[in-house]
């Protein structure tokens with residue numbers, strides 16, 4: 001079974017916000033909610049770098065672990081979805097999420113958050129009909145054999161989506177090609193002896 | 001023949017030339033490739049170092065295209081909060097509440113109810129006024145509802161979701177959240193009122209120290225001196241006045257997320273809220289036990305407002321000394337209604 005992942009190549013992201021727009025349009029996300037955002041560090045400086053962030057569909061998702069109603073769940077292909085009928089708007093997923101992915105409309109009385117919304121990897125969510133699914137969660141492109149629209153429309157192919165192994169392979173090729181001294185993944189499965197490829201791996205503990 | 005040889009020589013030369021050109025081309029390509037790598041490295045995004053990771057976590061030098069977003073790129077406190085909540089608060093809260101329930105059950109089975117040692121005199125003393133009883137039972141009902149809904153928010157998914165199925169569970173949880181979030185502020189307000197009302201009776205003094213040293217009468221056989229409120233009751237009062245107020249304050253922080261408080265603030269509010277509330281829930285079991293099946297004659301004080309003289313003498317002897325001349329003999333025809341309250345002299349406690 002494939003494990004679906006997003007990956008944003010900071011080397012390529014030009015902060016065009018095409019992914020943000022594509023997402024809003026594909027999923028008809030409600031007003032005030034933006035499932036994907038582009039974050040820029042050191043804006044305007046020579047070291048400026050941008051990255052597109054949404055739900056990263058974590059393997060050990062903190063949102064699922066803390067949700068008191070089991071609104072959040074993981075599909076077999078690693079996509080983390082949410083069930084709007086279960087959500088009570090407590091906000092715990094937001095407290096726990098490393099990426100600020102869960103958002104709430106917050107338009108109800110007395111400061112109630114309302115039902116949580118987040119990136120679905122364009123895989124919709126639990127509903128009785130296609131129409132209801134689209135209404136609640138937006139597009140189910142995965143069902144149609146397509147990848148998330150944000151990644152499909154990325155003009156520089158900075159944002160890639162798909163099976164983790166494929167995504168990792170694409171990125172690894174890029175890193176080998178451009179010879180970045182510190183910016184690749186090795187493999188999602190680290191088995192066997194260290195190879196020269198492993199030395200290209202990004203290691204947060206190794207400081208320059 | 002000559003021409004043939006010449007042709008062969010030409011062929012060899014051409015082959016040589018071709019080889020030369022090919023190798024040159026290959027070498028050139030290799031050269032170009034390495035130059036490209038150098039070139040890319042020179043303009044590449046700087047390597048991710050400790051400084052970048054610090055920025056990523058702190059939200060410094062950072063812009064976000066999302067409307068109204070105050071979120072940094074990576075929220076490192078989320079995992080800390082998850083670990084505190086799921087690995088510490090949740091299991092130890094269950095141990096505290098469940099352990100307390102088990103201790104009380106054991107105490108009841110082994111020691112049993114604390115009966116009055118003398119027979120009832122039949123003469124009654126007013127202990128709790130109508131307003132005090134109304135406040136107590138309102139706060140008590142709200143407390144029980146909030147405790148049950150709170151426990152459901154923390155542990156319900158392990159019990160009721162598999163038991164009831166998604167549809168019933170979803171309705172149950174949305175009801176739970178509505179009750180918890182809307183009754184919470186009412187409870188908070190009334191708790192402050194009741195604390196203010198009972199404050200005077202709960203100022204600690206020397207007798208409380210003695211009361212605690214003797215374990216509230218558990219150690220030894222004799223009764224321990226106590227005013228209107230004994231040491232244990234005062235401890236419960238001050239627990240509510242401290243932990244209870246913290247629980248209310250932290251609850252309001254989470255209940256109204258529309259004032260721009262940060263995720264980190266709400267994480268801490270949640271930890272304080274759940275720790276305080278679980279402690280209060282555990283201790284409240286003791287309060288409920290002592291006030292109902294644990295002590296003969298205690299519950300009628302809070303239901304009818306009156307306690308028997310004998311009960312007052314045995315449990316609150318110093319208070320009894322102050323008010324013993326105000327004891328009334330209820331009219332048997334109105335027994336249980338205590339109309340006698342109207343004829344009660346003014347200035348009685350409460």
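Using N, Cα and C of the backbone, Cβ positions are placed for all residues, glycine too.
Unlike curated entries, TrEMBL annotations are predicted automatically.
Going by TrEMBL, these are the annotated features:
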| type | residues | note |
| --- | --- | --- |
| DOMAIN | B:127-305 | domain 'Cytochrome b561 bacterial/Ni-hydrogenase' |
| REGION | B:327-350 | region 'Disordered' |
| SIGNAL | B:1-32 | signal peptide |
| TRANSMEM | B:92-113 | transmembrane segment |
| TRANSMEM | B:134-155 | transmembrane segment |
| TRANSMEM | B:182-199 | transmembrane segment |
| TRANSMEM | B:235-256 | transmembrane segment |
| TRANSMEM | B:268-290 | transmembrane segment |
Query = Thinking of Cβ pairs under 8 Å, which stretch from B:92-113, B:182-199, B:235-256, B:268-290 has the most of them with the transmembrane segment (B:134-155)?
reply = B:182-199
Request  = Give residue numbers and ranges for long-range contacts of the transmembrane segment (B:268-290): same chain, 6 or more residues beyond its ends, CB-CB under 8 A.
outcome  = 81, 84-85, 89, 92-93, 96-97, 99-101, 104, 107-108, 143, 146-147, 150-151, 154, 232, 236, 239-240, 243-244, 246-247, 250-251, 253-254, 261, 298
Task = Would you report the average pLDDT that the model assigns to the domain 'Cytochrome b561 bacterial/Ni-hydrogenase' (B:127-305)?
result = 93
